[in-house]
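Colleague: Would you mind keeping the following structure in view while I ask a few things?
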Amino acid sequence: MVFARYLKSIKKPLLGKDIWFQIHFWMMLLTVAATITAFVLAFVAVKGWSSWAQTHAIIGCIVMVLCFFQPLIAFFRPSPQNNRRFIFNWFHMLNALVIKVLADADLFLGLKMLNSPDHWMVKTMGGFVGWEALIAITLDVNLWLKKREIYDDSQAKVKSEVLLLLIYLCGSLAFVIALLVGIGKS
């Protein structure tokens, strides 16, 4: 989502498409593959439907269905010149946002079920969501400043979006590692 929203200004082609699109496309496929894998592994681990994880399981199923539709609707998207392209753009964006919100909520529920005494994994997940919000606000402000021509980094060797993206990835990796360590210990 970050690449599609904030890196469209980078118009360098890669394999015939803009680099932001290629990254977005492959990251979306990776996300769908990881979601399918997690979905299947959850059912294998509990040997079917889990009656004690009702809300978590139901939201997980909803996320899986919505996640499946993202690449499917993208495959049938109209050309950029089509006057109905805005319908695809809005549906694709809103579906992604709903998936993100539901997936985060489901992660909170899943971490809460692990029942660590001090709930540090739930707090870490809260920090992760806060981190994502902070980066999104920073990237939005950067985008707004560039559109208003208040800030211009056209002479810079590294664009501000790329720098913010690297900071975002490093911070996100730290949160993911902390959560994986916690899940591994539970």
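We count from 1, first residue shown onward.
Cβ atoms are placed via backbone N, Cα and C, with glycine included.
All TrEMBL annotations are machine predictions without curation.
If you look up TrEMBL, you'll see 1-148 marked as domain 'Cytochrome b561'. For 21-45, 57-76, 88-108, 120-141, 162-183, the entry in TrEMBL reads transmembrane segment.
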Colleague: Which sequence positions outside the transmembrane segment (120-141), separated from its termini by at least 6 residues, show Cβ-Cβ distances below 8 Å to it?
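Modeller: Same-chain contacts beyond the ends: 2, 5-6, 104, 107-108, 111-112, 114, 161, 164, 167-168, 171-172, 175-176, 178-179, 182-183, 186.
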Colleague: Over the domain 'Cytochrome b561' (1-148), what is the model's average pLDDT?
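Modeller: Within the domain 'Cytochrome b561' (1-148), the model's average pLDDT equals 85.
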